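What follows is a short report on a single structure.
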Amino acid sequence: MPLRNKDFQTKEPFRHDDNVTLHHAEGPFSFLNPTRAHFHHAGLSPPQESNGDNTPLGQPPKQVNSTVPAAYVKFLWRSRDNRKGRHPLLVQPASPGEDAPFVTPRRTSDPREVVKNVVRTFTYFPVWDISWLVGFIFTWGSVVWVINGFFAWLPLVAPETEFPGESYYGGGITAFIGAILFFEVGSILLIFEAINANNTGCFGWALEQLLQNGNGKPKIQVVAARSHCQHHHQNKRNLVGKPKMPPSTLLSQTSQSVERVKHWQWFPSWYDLRTHYLHELGFLAGSAQLFGATVFGISGITALPGIINHLTPQWRLNAAYWIPQVIGGSGFVVSSTLYMLETQSKWWKPAPHLLGWHVAFWNLIGACGFTLCGALGMAHGNSGAQYQASLATFWGSWAFLIGSYLQLYESLNKHPVEEVSDIEKEFATRQ
């Protein structure tokens, strides 16, 4: 029986597209679905020299922000990127003086592209994009928790700054807002994001054939094709509607009957849940996140003024406030770990070159801080433990804020371009 992570048992991307062929798939665990796959697009083959009879792939785009010569271009599918509506492109830069057959956008790690995307996080608000909503909600939720961290820790380290009701009212109300209105809602959206991932495949790039002075060797220009994207993230009319279908000039689909695709679903069928989603790292991580947020929400409710001051003796405070923090924080730890593993080609091999890995890494640090806060908080009467519990909330909140902002940044970068030194070697070593 073939390993599950080496092949798509169900819902293989691009299964109805004759232009796209699967090179190989892989994932960190043999019993779960692949989390990454390399595809070859027929249009990404180096063009032949023009003989006057060649038909261009399309008209040159009217405006291109940046063009960089490239020797090879490959399309990379990742489960996380697909869930976020992203279309990664692997590019091997051309050597100095080489007549490169491709022209591509700048790599997304270029400082100019980074600054451009950072500015967009403050000026662009695609409320119809569920992945953006997830990042936006978690970012503001983390801001609330940072404020909560100041309310909890600052009176201990700088008592002269404390004002009446700071911990009682400020800490309790911000804990409720952060736990219920942000973490719980964001976790629910993570599940919707997972079960509505595009499972048919979306190339997301347009290929334009350019001729040098009308003759000679042509070049292929690769440009982002946002208007042709099949992901539901591009639907600006509403959050749950049907996205615009791409024209036949972008993707050539078979004339045979194609399975009917649901563009949005509130709940997966039992069959899909059993055969697909329970083997998806993204869905499992989202489920752990939702479980943790729900249990953690108990602490958010019991932290409210008028409730927490009536939780006596200590065992009641532990049961209703501290223990849910430990259980909920543990759910966050599991979720962040699974999200981090999803981005890795091997379970033991970190992927610090990927933005999604850093999102999960910082969220894991934040989850450890929140779990530690609950564990230390149960040490009643120990001033050192209480100090460290408040401090854990403080640094854990900042870690969550970093991870959440990176997630917001990630959601706005729909066409990442990644440079590799040798694409063929990259493909060979990952088989």
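Placement of Cβ uses the backbone N, Cα and C atoms for every residue, glycine included.
Per TrEMBL, the stretch carrying the note region 'Disordered' among 86-107, 240-261 is 86-107. Within the chain, the transmembrane segment (168-192) has long-range Cβ neighbours (under 8 A, six or more residues past its boundaries) at 130, 133-134, 137-138, 140-142, 144-145, 147-148, 151-152, 266, 283, 286-287, 289-290, 292-294, 296-297, 299-301, 303-305, 308-309. Within the chain carrying the region 'Disordered' (86-107), a Cβ under 8 angstroms from the stretch's Cβ atoms is held by residues 44, 46-47, 64-78, 113, 202-205, 210, 217, 219-224, 229, 410, 413-423, 426, all 6 or more beyond its ends. Residue counts for the region 'Disordered' (86-107) by DSSP state, with H, G and I taken as helix and E and B as strand, are 0 helix, 8 strand, 14 coil. Under 8 Å from some Cβ of the transmembrane segment (281-308) lie the Cβ atoms of residues 27-29, 32-33, 35, 79-80, 83, 168-169, 171-173, 175-180, 183-184, 186-188, 190-191, 193-195, 197, 317, 320-322, 324-325, 327-332, 334-336, 338-339, 341-342, 367, 370, 374, all in the same chain and six or more residues away from its ends. Cβ atoms under 8 Å from those of the transmembrane segment (354-379) belong to residues 78, 80-81, 84, 142, 292, 296, 299, 318, 321-326, 328-330, 332-333, 335-337, 339-340, 342-344, 385-386, 388-390, 392-393, 395-400, 402-404, 406-407, 409-410, 413, 416 of the same chain, restricted to positions at least 6 beyond its ends.
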